[in-house]
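Novice: What follows is a single structure, and I will ask about it in a moment.
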Amino acid sequence: CFGFPLSIFFIVVNEFCERFSYYGMRAVLTLYFKNFLKWEDNFSTAIYHTFAALCYLTPILGAIIADSWLGKFKTIVYLSIIYAIGQVVLSVGSISDLTDYNHDGSSDAIALNIALSVIGLILIAFGTGGIKPCVSAFGGDQFEDDQERQRSIFFSLYYLSINAGSLISTIVTPILKATECGIHSKQQCYPLAFGVPAILMAVALVVFIMGSKMYKKVKPQGNVILEVSKCVGFAIKNRFRHRSKEFPKREHWLDWASEKYDKRLIAQTKMVLKVLFLYIPLPMFWALFDQQGSRWTLQATAMNGDFGFHVQPDQMQTANALLIVIMVPTVNYLVYPLIEKCKINFTPLKRMTVGMFLGSLAFVAAALVQVQIDKAYPVFPAAGQTQIKLINLGVAPATVQFQPQLQNVSVGPNEETGYMAFETSKLQSLHIISASQNKTELLEVLEGHRYTLAFKWNLTEINSNLIWDNITSKPEGANNRIRFINNFASTVRVTMDDEDFGELDPLSASNYTIVLGFFFFRAYTINVSTPLTYCTVASKKFGYGSAYTISVDHCTENKLNITYFEDIAPNTVHMAWQFPQYFLLTCAEILFSVTGLEFSYSQAPSNMKSVLQAGWLLTVAVGNIVVLIVAGASILDKQWAEYVMFAALLLVVCIIFAIMASFYTYVDPNEIEAKFSEEEKEEDKKDRDDNEKEAEADSRM
């Protein structure tokens, strides 16, 4: 079809569906750990990076299985089945109703959800990692030797399908997650967010199998990774056997493998090890890069995502994919040519060094954003403390004295104070003075909790109510927590849209309820009804991450009068402030990752490229292991400090890499291979000449 083997279209569609499945699932994974499985931030981050590390360790296993036993086609099919099963298991594990036996909206056997989720992720890691080195190589196998142009176009389409799948899924799955679903209670729909990627993985498998009869299937021919490993192992073992001084030294330690392996393989292995040595510092870059899906997503949950339309925290990862599409051609066709015209020798290793430096700057930018977020973050009670806020719902000013002689606070009519912290053991009572009335309130409070004291002077006495504020953290993303307090003289029923807050006695408050604003921020309709009246009013737009106590005061011609008391301020730092760090990290990725692969392939023999690919993927795995160790240890209690630490570590590694790179000598593998080919031809010619002479001598006899 248009000069291409028809089979490659099945492979491209398969790759699009598989990447949609993988990146769609991974986009919501960190928030799934935190919000559904109720893991804290550090543990969620550690498990996320454990999964990512496993995804990049298993490609080596997949390559060995494909090249040594099953072949690429069977390996892809069998591991894709495991992959699809893993997606289904993960989706089932995210169903809250599965273990919600008492129908209260929370899991009663969360261990089952965790077990299913972990099993699903392990199967996915083996599936996606195992097929990673096989699919692109299998696509390349479909072309003849004289189809270089078509093969090049195929790889462009192949990588386009990867970016398209990841970009679309990273936009779509957070939206699916944000919808509400459930049999007994409505909550974020993780089964749908994981279920759609599971369906796409099943489609990928079916599409791939449909093209079975059209594929060119190359039989397993042995794995070069195993050959190189055996060669290196034999050289080390042989050198150890001949470690005494009576054996003469050899030019290179790998030359000790010459007793068993030919010179060409030894020379090729030397070239590969020379490049792999440069890989040693590289994991630190990936330790920072892969935090887009963990730490940076968690950072976005504390930011304002109102762009005129709602952006989910996990959708910010699309910034990287979008910038890649824009920046790759810009860098290749504008930046590099300009640098070349300026006669600057911007070698691949120099590009990688600059990429590391930009990655470090990206985390400095993330730290600066985090500092601004932390400034606006509410302070909750420390150990041994209790916080109390005062709300004066009356028409007269008041003074509140905390006993014994702790603090005097003045509160105007229909006003509030901020939360005030007291040592719980010293807080005994408070005395309220308003107009000509006064009242003493005994306090029975618990340490580590917040309370609101609502009071009101009503001519003859002061009424008050100490309310426990059952909120211990700032709402995340577009979530807001809303409660109502009744400032009427009689009992009222309060509703907001379809949410019923129940009947409230005078000065009593409802529980906090999560108000979701997913696709746009609209006004809600607040209704108050009594046996004699019914009045309504439109709410304000609550923003992101806020908590409000709304006082329903009185009705005027069926219009409800209300007062907002801000318990937790909405997020003030906009998600757009993450764009600089994403821009810097994307530029770093282009300079580091794209150039690194190009450099590696240019410095390795043609039959050794899979070894370097395995080594490259291994650096990604080790980088993720670095993050999970840091997150697990949790040595820093401030997130901005952790960002600065990672930035400093990468800067140090950048300097080390620059020094190592300065000693590297570029080689042309084709020249070296051509030299060996010439030597082999000469040896073959010499052997033929010797055989001919022997045959001639035999004939004379």
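Each residue's number is its place along the chain shown, starting with 1.
Cβ atoms here come from the backbone N, Cα and C positions, even for glycine.
Take a look at what TrEMBL says about it:
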type	residues	note
REGION	677-701	region 'Disordered'
TRANSMEM	46-64	transmembrane segment
TRANSMEM	76-95	transmembrane segment
TRANSMEM	110-131	transmembrane segment
TRANSMEM	152-172	transmembrane segment
TRANSMEM	192-211	transmembrane segment
TRANSMEM	271-289	transmembrane segment
TRANSMEM	319-339	transmembrane segment
TRANSMEM	351-371	transmembrane segment
TRANSMEM	614-636	transmembrane segment
TRANSMEM	643-667	transmembrane segment
Novice: Which sequence positions outside the transmembrane segment (192-211), separated from its termini by at least 6 residues, show Cβ-Cβ distances below 8 Å to it?
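Specialist: Distant contacts of the transmembrane segment (192-211): 6-7, 9-11, 13-18, 20-22, 24-25, 28, 32, 76-77, 80-81, 83-84, 87-88, 90-91, 94, 169, 172-174, 176-177, 179, 181.
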Novice: Are there three or more C-beta pairs under 8 angstroms joining the transmembrane segment (614-636) and the transmembrane segment (271-289), sequence spacing 6 or more?
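Specialist: Answer yes, regions in contact.
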Novice: Near the transmembrane segment (351-371), which residues from the same chain, at least 6 beyond its ends, have a CB less than 8 A from one of its CBs?
Specialist: 284-285, 288-289, 295-296, 299, 573, 577-578, 580-582, 584-585, 587-593, 595-596, 599, 639-641, 643-644, 646-648, 650-651, 653-654, 657-658, 661
Novice: By Cβ distance under 8 Å, which residues at least 6 away from the ends of the transmembrane segment (614-636) in the same chain are close to it?
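Specialist: Tertiary neighbours of the transmembrane segment (614-636) are 42-43, 45-47, 49-50, 52-57, 59-60, 63, 132-133, 225, 275-276, 279, 282-291, 294, 596-597, 600, 642, 645-646.
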